[in-house]
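Peer 1: Dropping the structure in here first, questions after.
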Amino acid sequence: MALGRYARPLLLSSVVAGLLLWLGWQRLVPFNLAIGGDLVIGESGEQFALMYDQPYLEHVHAPEPATVDLTTTETYRWTQPESAITVPYLNGSAHIVRLSLAPPSVPQTPFLLQANGAAVRTDLPPGQRTLHLFAPASSDGSLTLELQAPTYNASPDPRLLGVVLYRMQAQPLSHDWFLPWAAWIDLLLVVIVVGLGAALAGLAPLTAAGAILVTSSGLSVLLATVRTVITLDTGQLRTISLACLLVAWLGRWLAERRQNPEIALVAGMTALGLALRLIGIRHPQTNFSDLLLNVNNLASVGSGDLLFTEGLPCAAGAGRSPYPPGTYLITQPLSLLLPASMNRGILIQIVGAVADALVIPLLWWLIDRTRDARTPARAALWAASLYLAPLAMLRAMVIGEWSNVLGQAIAMPILAWLGLWLASNQPRAWQPALIAGLTIAALQHSGTMLSLGLWGVALAGFLVWQKQWQVLGRLVVVGTSAVVLAVGLYYSNFLGDPTLANNGVICPAPRPFDQKLWGVVWNDLIALDGRVPAWFWLVGLGGAFSLRQGLSRLATPIWAWLATFVLSLSSLLWSEQTVRWWLFILPALALSGGVGLATLAQRGRFGRVAAIAASLFIIAASLALWTRFIIEYRTGAFVP
């Protein structure tokens, strides 16, 4: 690949990008931090104190009160005797800082507060109060508050306590031009890597330069509006971008060896998809969600415990449910190879993000492998592009549903293999391996197992309708064998376990079926930020009607895949929530939508423009909603 023709466009666009990033930092941005997190109310009435304040705090205890209710007006945190609040790369000016705090219940508390080196000493009487102080400008625009108070012993509390923090506000003063060199270089490197990745993917030089300008413009707008969302993670963004550039380079190398330029483009999409997934997990609330549950389960598997259960919410019936260990058995070897000091939560996040990003090339390969003379050109690429930023999957990663994410990613190749085996009349010799693969998939996560079961039921129904008795027999043998093995090897261990029942948990009265159904339709399909927005359904279902002509070998399996959504709604008859259909349905919509867009693109100039516009709209809307989602998570406005 001759990269020389990219040098001039990439160089010029990088210069403009550097200027745009610098301009983004020149707007004065105030900063407000609710220490302990702002109180928000979830859809079903739960109260949350979002811990988005965590990245700014050092040597500060966990938020309190431990139990949040509607009567609570303010959350707070106890500091240690020496603590700090750091806001990186905020403004180039001095600040007026307001710090709301309360000393311990003693007559006088000697207190030292330093703001960017300017120190104030005072004796604090009991009671909440707000301190005002001047913080001079720092060379890199950061704002650092250092707090020091005598150790307060509140027996029987074993913690070392200082003072109670409630809220911090920083208001910038007169404008001053500045450039935080370290952060600026990090972000400039990120946008340059975007251009290099586009070049390695085989895009035109002007397109690669345009990618740099679009990325830098977006970052500049974010710096000018929600600055700390970006500045908290400039170093991590640099690391993520370089790792994803390696993926694009490997794709280019493989494309040249195989003499197939599509491989480079798919690798570029995979690199971009991986970056989006890794960027999304870089916010603090994730560390206080189901991620810690998965870390504990990983540790349990490492100590030999494979039989554990997890509590169910009232919406799922309360009580407890078996929690299959498949995802942890796959992750555990990596855990053993890494140093004991490495955060296992980060390991789980990276493995899950990589596994889901690999679904992008899997979708491309599946269509490329089964295409025939009637399959429209580039259908595989269209399908892969639709899975770049699957909003429901990205949100699942944010709230820590890593067992769901990794379990489905592991099940996808097995599902694809089974579909190919059934559609292509491949040798029966593969049958034992397929049974083993399906059993492994069923032991990843109960939601994955239920989704696979619904797909099998839907596929069996289609095969009966089509009178494909031989294929139906093969499906029944493989599916039944996998279910028997999964139940016999794992789920049978919980027969008679009394903890699996709802033991006295008082749950709200169930809603009528029509209300639950309308909630799914409105919140998950019609709403702009629904789990699977209406426009994605429109493209996916529209494309499904072209499968008979465009991808005949996989038409029936994909239709059965889409039908799992309808079957999952039946669970609303006895439950307040459905099976997690929104994760399982995404690859099917991408496959059918890819074939549909490719078919549309072949119908003249108007069809090509419409297909490109639809694809770009889905990607752009997903990225915009994803960016909004991250901003809300970082600034405390997110409601689970």
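Every residue, even glycine, has its Cβ placed from backbone N, Cα and C.
Pulled from TrEMBL, these are the listed features:
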{"type": "TRANSMEM", "residues": "6-25", "note": "transmembrane segment"}
{"type": "TRANSMEM", "residues": "177-200", "note": "transmembrane segment"}
{"type": "TRANSMEM", "residues": "206-225", "note": "transmembrane segment"}
{"type": "TRANSMEM", "residues": "237-255", "note": "transmembrane segment"}
{"type": "TRANSMEM", "residues": "346-367", "note": "transmembrane segment"}
{"type": "TRANSMEM", "residues": "379-398", "note": "transmembrane segment"}
{"type": "TRANSMEM", "residues": "435-464", "note": "transmembrane segment"}
{"type": "TRANSMEM", "residues": "471-491", "note": "transmembrane segment"}
{"type": "TRANSMEM", "residues": "534-551", "note": "transmembrane segment"}
{"type": "TRANSMEM", "residues": "558-575", "note": "transmembrane segment"}
{"type": "TRANSMEM", "residues": "581-602", "note": "transmembrane segment"}
{"type": "TRANSMEM", "residues": "609-631", "note": "transmembrane segment"}
Peer 1: Does the structure show the transmembrane segment (609-631) and the transmembrane segment (379-398) touching, where I'm treating 3 or more Cβ pairs under 8 angstroms (sequence separation 6 or more) as a contact?
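Peer 2: Checked: the transmembrane segment (609-631) vs the transmembrane segment (379-398), in contact.
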Peer 1: Who are the long-range neighbours of the transmembrane segment (6-25) in its own chain, taking Cβ under 8 Å and residues 6 or more past its ends?
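Peer 2: Counting only partners 6 or more residues beyond its ends, the transmembrane segment (6-25) has Cβ contacts under 8 Å with 89, 92, 141, 178-180, 184, 187-188, 191-192, 195-196, 199, 205-206, 208-210, 212-213, 215-217, 219-224, 227.
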Peer 1: Is the transmembrane segment (435-464) close to the transmembrane segment (346-367), in the sense of at least 3 CB pairs under 8 angstroms with a sequence gap of 6 or more?
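Peer 2: Touching, no - the transmembrane segment (346-367) and the transmembrane segment (435-464) miss the threshold of 3 or more Cβ pairs under 8 Å.
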Peer 1: Do at least three CB pairs under 8 A connect the transmembrane segment (379-398) and the transmembrane segment (534-551), leaving out pairs fewer than 6 apart in sequence?
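Peer 2: Yes, since the transmembrane segment (534-551) and the transmembrane segment (379-398) share at least 3 Cβ pairs closer than 8 Å, they count as touching.
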Peer 1: Would the transmembrane segment (471-491) and the transmembrane segment (435-464) count as touching if the test is at least 3 Cβ pairs under 8 Å, pairs 6 or more apart?
Peer 2: yes
Peer 1: Determine which residues of the chain contact the transmembrane segment (379-398) at the Cβ level, with the cut-off under 8 Å and only residues 6 or more beyond its ends counted.
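Peer 2: Long-range Cβ neighbours of the transmembrane segment (379-398): 262, 265-266, 269, 272-273, 276-277, 280-281, 283, 285-286, 349, 352-353, 356, 359-361, 363-368, 371, 404-405, 529, 531-533, 536, 539-540, 550-551, 582-583, 586-587, 589-591, 593-595, 597-599, 601, 611, 615, 618-619, 622-623, 625-626, 629-630, 633.
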